[in-house]
Amino acid sequence: MDLEKFKVHGEPLIYGAMISIALATIGIIVGLTVFKKWGYLWREWLTTVDHKRIGVMYILAALLMLFRGGIDAIMMRLQTAAPDMKFLDAQHYNEVFTTHGLIMILFMAMPFIIGLMNVIIPLQIGARDVAFPRLNAVSFWLFFFGAMLLNISFVIGGSPDAGWSAYFPLASIEFSPTVGNNYYSLALQISGIGTLITGINFIVTILKMRAPGMKLMKMPMFTWSVLITNIIIVFAFPVLTVALALMMFDRLFGSQFFTMANGGMDMLWANLFWVWGHPEVYIVVLPAFGIYSEIIATFSKKNLYGYTSMVFSMLIISLLSFLVWAHHFYTMGQGVMVNSFFSITTMAIAVPTGVKIFNWLFTLRKGRITFTTPMLYTLAFIPIFTIGGVTGVMLAMASADYQYHNTMFLVAHFHYVLIPGAVFAVIAGFHYWFPKVFGFRLNERLGKHAFWWIIISFNVTFFPLFLLGLMGMTRRMYTYSEETGFGPLNMLSFAGALGLAIGFVILVYNIYWSTRYEPRDTTGDPWDARTLEWATNSPIPAYNFAVVPKVQTRDALWSAKQDNIPLFTEEITKIHMPSNTGKPFILGVVFFFFGFFLVFSMWIPAIVAGVGIILVMAAMSFDRDHGFYIPAKEVIATEKKLRGETV
Amino acid sequence: MNKKGPLYALFLSLVLLLPGCSSLTVLNPKGPAARTLSDTIILSILVMLGVLAVVYILYIWVLVKYRAKKSNEGYVPPHEEGNVWLEATWIAIPILIVAFLSVVTVKTTSAVENVAADYKDQKPLVIYASSSNWKWHFSYPEEGIETVNYVNIPVHRAVEFRLYSFGTITSFWVPQLGGQKYAMSDMITTLHLSADTVGSFIGKNANFSGKGFAHMEFEALSMTDKDYQDWIKEVKETASPLTEDEFKGLLAMEHVGRKTYTSTHLSFSPPPGDHGDHMSNDGKDTDIDNGNTDHQEHKDIHPSPEPSSETEFDGEPHPEVDQPLPSSPVEEHTHHSD
């Protein structure tokens, strides 16, 4: 067996990473053994089908990935902070920016949002779980092991290095002979299947499992945004699945879909990638719009302004998101007609997005605005995201894009869209819903400290990039010379990146601090909020609602509080719950090995793992476990305990 | 209160902008195409500053007026469903703005995709620019000259760059002369540039293409017609022809300095077909995709090798086994030094 191909050479940083991964793994194993937590971990987390726990695991994984991607970002900013830096070499830099993009979009933003979806959606629609709880566990474990597969590439065999968009022919075996892009095609494929299953699961959940009385146009805005997002997932992800499969065939089995010879078409990859890639942007941004809508309504103590136009603007955005992909390569020589079409469809997205901005501003108008941490992130989003939006319109103009394309101007633009449009949203949602899941709030003082560090540093990091782009600095350059004059602004940007890091460290410290010292909330509704998730206890019992609520208005809990309309009218009866299962976890593990063996073209083990996948799936299909009932007596006892009454 | 972040950045940017626009290469154009784009960019920035101003003023107003304070304690915000007229307003005005910018986009895109208006009556100088690994080859079919990593053009002259690649997708960009365009292995793309002043401009590959990407730059030098003719004469006297072996060696190298030859590689390694061939398969249709109908005629005027559309797009293997170089870059295999 040739061990040489597993090794990654030369870099002290990589050896450091290997050692820290090894130490962390040993630490976790020793810790679990010493505290006798293996059983707890298996029973309560690895085998769980509870949407809340799955959501929490998604968010934990996302936070881990946020730090991995953040370290990548700091390494990039450090390498470009001054002319002719020698911190990273070209190959290493290329790997770092590629994994930064992949991790931040696919393994940070996506799981963070899917995690919040998991925790909140069933609660918000008054359901006991998602439609297919076991599939939900399958989704999570496929995502998780896909992410792990990509992450080990850093220390085993080498990371992908052709950019997160992996354009062919650069990503072909001819120009990228390392296993890096094999990891790309397989890790994304495995986690992508998980995402596709999530999409189906949540569409069914939202369409079929709403509480009685909750008509479509009475759904909370976050639920609407998630429904639309999952529709986009179901239409967009199959394109990625196919594209990645073709890529895998090209790289592993010598097919010629995207190669330069024998009729292969490199431009086809670019098209397929962006047919998925552009809707992907809206997959992370639309739920953010939903989160902001909930937070703005709650903290201005008003219902959402222009609910109907909010819903329709999201529907129009989802439709347009599939009609704009070619704006990622105006410079491919399609000519005036095609570029004009895509310019107009792209700029058209500004209209429904503008509608949302104005509706939010008018929700705030006549409200009584309180500046809590989640609200601060929401309020910071509006002006910053608007900069991202207007620069988006500027980039949409095909002619002008000939000058922005591939420059730092573009990099600045999409960070101005994605950070306020997705990252601030998940942080806001995290602070907002944290007390629902854990029963206590995150500390406001520390939260605001982190907020100011993050907001100011964000602008210091990314605003200079607009100017660098106009100065002619292209993206993905690992170094530049003194004469270019790019030095000072890059140094400023690096300083900003350090500030962002401080902000995120404070944010995580706040979780630790609040866990120890923050007072517990016994009301279940600490923010005086409006929607159903706040109508149950915090932390949430396994069955979510002892009695299924009856909904009459849009802000169901708010009207219940204002007009004394009772939400829960029925008697407590026994509750049907799904049983835990270890099979999704095992399926994830087998998929991980299947992917790993394919990456290294180890055919026999790969075939064995492939058969293993089929066997686990077969075992799941023949599973006759129909769940169990929680007796009414037990439910009543739990409810009393959660309300602090003695049993 | 939380306006500080963005305001801080805006202030910072103004301070940095003050030293002058000259360091902002893109807004310091030296040719008609770049000028059109620079004007477009500045126009769009102004429109967008207007949009930002409206949003920011509204934003500051609601935050100042409706924030929770002692004086409005006990105030119960009203229930508001929305307002058809207000919502129609913020649908209609953005539509007008987008419509206006769409017209600008179509006009300027069409302008830069064609020979600049000032140079319409000239026969463009055709230069093939092709990339391999991390260097650029410039072939002058009319003059029979080939250079590597630098390109000389006469000032005040329409130049038609025909772009393609011997490997990964690259993007040919001389910011001060005009926008960028991809160079790809399986089709030719066309870029029209001209220089209004004599001078040296940085050109580069803007599209990430692997390890040597950061150093893939060239010099575009615009010179007076006389200097240009002198340069051609000098090249003819001092340089030697580009042989197939020499070219093969060049392709294999990762980086090279400047090179000059008295013949082009086009004779033994013709470029791929253009976009028109791709779209219509017969290559005879009007070249709508490049927005330029003259372009077809020039192909007849110039003795440059006609793209052999059937070999490149269908990708048939070249029949001549003993030919050392492939007939098109499509079949070119890469040469990694490692």
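From the backbone N, Cα and C atoms, a Cβ is placed for every residue, glycine too.
According to TrEMBL, the protein has these features:
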DOMAIN    A:36-552  domain 'Cytochrome oxidase subunit I profile'
TRANSMEM  A:12-35  transmembrane segment
TRANSMEM  A:56-76  transmembrane segment
TRANSMEM  A:96-123  transmembrane segment
TRANSMEM  A:135-156  transmembrane segment
TRANSMEM  A:186-207  transmembrane segment
TRANSMEM  A:227-249  transmembrane segment
TRANSMEM  A:269-292  transmembrane segment
TRANSMEM  A:304-328  transmembrane segment
TRANSMEM  A:340-362  transmembrane segment
TRANSMEM  A:450-471  transmembrane segment
TRANSMEM  A:491-512  transmembrane segment
TRANSMEM  A:585-618  transmembrane segment
For the transmembrane segment (A:96-123), distant same-chain residues with Cβ under 8 A (at least six beyond the ends): 51-52, 54-59, 61-63, 65-66, 68-69, 72-73, 75-76, 88, 129-130, 136, 139, 143, 146-147, 150-151, 153-154, 159-166, 180, 184, 188, 191, 195, 198, 202, 205-206, 209, 222-223, 226, 229, 280, 283-284, 287-288, 291, 418, 422-423, 425-426, 429-430, 433, 436-437, 476, 532-533, 536, 540, 544
Remote residues contacting the transmembrane segment (A:340-362) - C-beta distance under 8 A, at least 6 residues beyond either end: 289, 292-293, 296, 304-306, 309-310, 312-314, 316-317, 320-321, 323-327, 330, 382, 385-386, 389, 392-393, 396-398
Tertiary contacts of the transmembrane segment (A:491-512), as residues 6+ beyond its ends and Cβ separation under 8 Å: 63, 66-67, 70, 73-74, 77-78, 80-82, 427, 442-443, 446-447, 449-454, 456-462, 464-465, 468
Averaged pLDDT, computed only over the residues in the domain 'Cytochrome oxidase subunit I profile' (A:36-552): 95
Same-chain residues at least 6 beyond the ends of the transmembrane segment (A:56-76) whose Cβ lies under 8 Å from its Cβ atoms: 13, 45, 87-88, 93, 96-97, 99-100, 103-104, 107-109, 111-112, 114-116, 118-119, 140, 143-144, 147, 151, 426, 430, 437, 497-498, 500-501, 504, 508
Cβ contacts under 8 Å made by the transmembrane segment (A:585-618) with residues that lie 6+ beyond its boundaries: 5-6, 46-47, 137-138, 141-142, 144-146, 148-149, 152-153, 157, 179, 182-183, 186-187, 189-190, 248, 252
Positions on the same chain near the transmembrane segment (A:186-207), where near means CB under 8 A and six or more residues out: 102, 106-107, 110, 114, 117, 121-122, 125, 127, 130-132, 135-136, 138-147, 149-150, 153, 219, 223, 226-227, 230-231, 233-234, 237-238, 240-241, 244-245, 248, 591-592, 595, 598-599
For the transmembrane segment (A:269-292), distant same-chain residues with Cβ under 8 A (at least six beyond the ends): 105, 109-110, 113, 116-117, 165-168, 171, 220-226, 228-229, 232-233, 235-237, 239-240, 242-243, 246-247, 257-258, 314, 317-318, 321-322, 324-329, 332, 356, 360, 378, 381, 417-418, 421-422, 424-426, 428-429, 432
Beyond the flanks of the transmembrane segment (A:227-249) by at least 6 residues, Cβ under 8 Å: 113, 166, 168, 171, 181-182, 184-186, 188-189, 192-193, 195-196, 198-200, 202-203, 206-207, 219, 255, 257-258, 269, 272-273, 275-276, 279-280, 282-283, 286-287, 314-315, 318, 321-322, 598
Beyond the flanks of the transmembrane segment (A:12-35) by at least 6 residues, Cβ under 8 Å: 41, 75, 88, 92, 154-155
